[in-house]
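Take a look at the structure below.
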Amino acid sequence: MSPSLPEIRATLSRAYDLSPSLDLAEATRGIWGRMARVVPFADWAMHAPYVQAINRLKAERGAVVLAHNYMTPEIYHGIADVVGDSLQLAIAATRVDAPVIVQCGVHFMAETSKILNPCKTVLMPDMAAGCSLAEAITPEGIAEMRARYPGAPVVSYVNTTAAVKAASDICCTSANAAQIVRALPGDTVIMAPDKYLAQNVARQVPEKRVVWWDGACIVHERFTAQDLRDFRAFQPDTTIIAHPECPPDVVAEADYTGSTAGIIDFVARERPTKALLVTECSMASNIADAHPAVEFVGPCNMCPYMKMITLEKVLWSLHSMTTPVEVAAELVAPARAAVERMIALSAAKAAA
Ligand code: 13P
Ligand code: SF4
């Protein structure tokens, strides 16, 4: 039986000095400087003891932390060895030498790391950190789509379980979805499970008939085109930057749409005076200090799954080496093939 939160806290406080410390905050000002615009120094005094304990434990355990762009700033800047979008994290997972990976992100990301590293330990700080898209489809759903569109290739978003990946021909992420669909044979391509990503790809790849499963991201489906029009009328000098999990009419209102890494690159390249990031809250927080001249304006929606990952849970995960992600042996090879096909296709395109 897993220990209760009070038991976890008691164990951690016996093993590490986790009391807020202004002295430690001062000594680690260099790390704080990467998030000073969004994390008050007093808050850093609470985070710094956890960051120090985690970074020491990482060295002891030979662990690397792979963190998604939606992690909170203290995770993103304080403890991550690699940060990125889903594609960058999957590619990073193929290059890890360390025996232990701590996945700061959601479950499907940890599963992808495990699929690519079946012999390594991949730790998930909170197994309940799921994803509304990964929950939207099962292998039976993929079989249903195959029956409905015989012979059409299946592209599953990486935001899926290992079982769904194993039932698919190839994966995609928001960074390469159009490129993957364009490269597949035949007139019809099945995309699952994100209907909005599929509809956005269909506009980019008009030469294909793209059909989709009826799933959506609970964070991005909440943005509306009217919100963006209202915002633009109120602050016309704002550059609107969206994620392709948003509905197509929202994407149509945006000045740029891309994966979370694409959004970071766009802000760095274009340096807008005011930027509205139509995506998860922590994105703007994580890049605010790197772009002091950019004013990041609301709104922002939080991903309840991503926000389950906290410094305390990461510390417990490394301390207790829990919870290792497991993927059923029979799923590893077919799921890996779908992910590797995607990585190979993305690499070939990047090299071209
Ligand atoms: P990215 O691949 O763009 O990082 O997106 C992952 C995700 O879950 C967005 O909601
Ligand atoms: Fe899933 Fe949406 Fe959260 Fe990304 S933001 S993990 S797609 S629920």
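Glycine too: its Cβ is placed from the backbone N, Cα and C atoms.
Keep in mind that TrEMBL annotations are predicted by a computer and have not been checked by a curator.
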Item to complete: Look at the iminosuccinate binding annotation in TrEMBL, where His68, Ser86, Tyr157, Val158, Asn159, Ser174, His243, Pro244, Glu245 are given, and name the residue from Thr138, Thr224, Thr260 listed for that site too.
Response: Thr260
Worksheet item: For the [4Fe-4S] cluster site given as Cys131, Cys217, Cys303, which other residues of the same chain have their Cβ within 8 Å of the site's Cβ centre?
Response: Val106, Ser132, Leu133, Asn159, Ile218, Val219, His220, Glu245, Glu280, Tyr305, Met306
Worksheet item: Near ligand 2, which of the binding-site residues His68, Tyr157, Cys217, His243 are found, taking a Cβ distance under 6 A to any of its atoms?
Response: Cys217
Worksheet item: Taking just the CA atoms, what is the gap between Tyr157 (iminosuccinate binding site) and Cys217 ([4Fe-4S] cluster binding site) in Å?
Response: 12
Fill in: Cβ within 8 Å of the mean position of the Cβ atoms of His68, Ser86, Tyr157, Val158, Asn159, Ser174, His243, Pro244, Glu245, Thr260: remaining residues of the chain near iminosuccinate
Asp85, Thr173, Ala175, Leu197, Cys217, Ser259
Worksheet item: So how many other Cβ atoms are close to Cys303 ([4Fe-4S] cluster binding site), meaning within 10 Å of its Cβ?
Response: 21
Fill in: Candidates His68, Asn159, His243, Glu245, namely the binding-site residues, that fall within 10 Å of Cys131 ([4Fe-4S] cluster binding site) by Cα distance
Asn159
Discussion item. Checking the spread of the iminosuccinate site as listed (His68, Ser86, Tyr157, Val158, Asn159, Ser174, His243, Pro244, Glu245, Thr260): what is the longest Cα-Cα distance, in whole Å?
Written reply: 17
